[in-house]
Amino acid sequence: MARTKQTARKSTGGKAPRKQLATKAARKQAPSQVSGGVKKPHRYRPGTVALREIRRYQKSTELLIRKLPFQRLVREIAQDFKTDLRFQSSAIGALQEASEAYLVSLFEDTNLAAIHAKRVTIQPKDLQLARRLRGERS
């Protein structure tokens with residue numbers, strides 16, 4: 001018979017929790033009464049916010065890198081080739097569109113490399129593999 005993966009399931013029934021001894025109950029309730037019943041802030045489970053952000057950014061079409069920092073980066077890189085270069089705003093916009101499209105595509109390939117290695121976390125070696133498979137780096 002073939003093996004199948006077991007998945008964890010939440011229990012719907014089972015034993016009721018045991019009653020605590022009076023001293024344990026008093027010890028557990030004492031700190032909460034001293035602090036004045038301050039409620040802890042709500043926290044989502046790990047991964048929930050990440051999945052929400054993934055869905056949000058996959059729906060959106062706006063640029064993710066801020067315009068001015070990207071413009072400064074382009075001008076800084078261009079200084080190495082020629083001083084006093086001028087750029088049309090549409091040229092910097094086109095560079096930014098192309099750069100973001102390239103980065104998104106590269107991270108998609110990097111994620112596939114991590115998944116292939118049976119991981120969910122991308123690592124530098126995944127990025128190196130993705131670039132090598134594309135022929136960008138030997």
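Glycine is treated like the rest: Cβ placed from N, Cα and C.
Here is what Swiss-Prot records for this protein:
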REGION    1-49  region 'Disordered'
MOD_RES   Lys5  N6,N6,N6-trimethyllysine
MOD_RES   Lys5  N6-methyllysine
MOD_RES   Lys15  N6-methyllysine
MOD_RES   Lys15  N6-acetyllysine
MOD_RES   Lys24  N6-methyllysine
MOD_RES   Lys24  N6-acetyllysine
MOD_RES   Lys28  N6-methyllysine
MOD_RES   Lys28  N6,N6,N6-trimethyllysine
MOD_RES   Lys39  N6,N6-dimethyllysine
MOD_RES   Lys39  N6,N6,N6-trimethyllysine
MOD_RES   Lys67  N6-acetyllysine
MOD_RES   Lys82  N6,N6,N6-trimethyllysine
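Cβ-based crowding with a 10 Å cutoff singles out Lys67 as the top-ranked of the modified residues Lys5, Lys39, Lys67, Lys82. Comparing Cα positions, Lys67 (N6-acetyllysine) lies closest to Lys82 out of the modified residues Lys5, Lys39, Lys82.
Taking the Cα atom of each, Lys39 (N6,N6-dimethyllysine) and Lys82 (N6,N6,N6-trimethyllysine) are about 60 angstrom apart.
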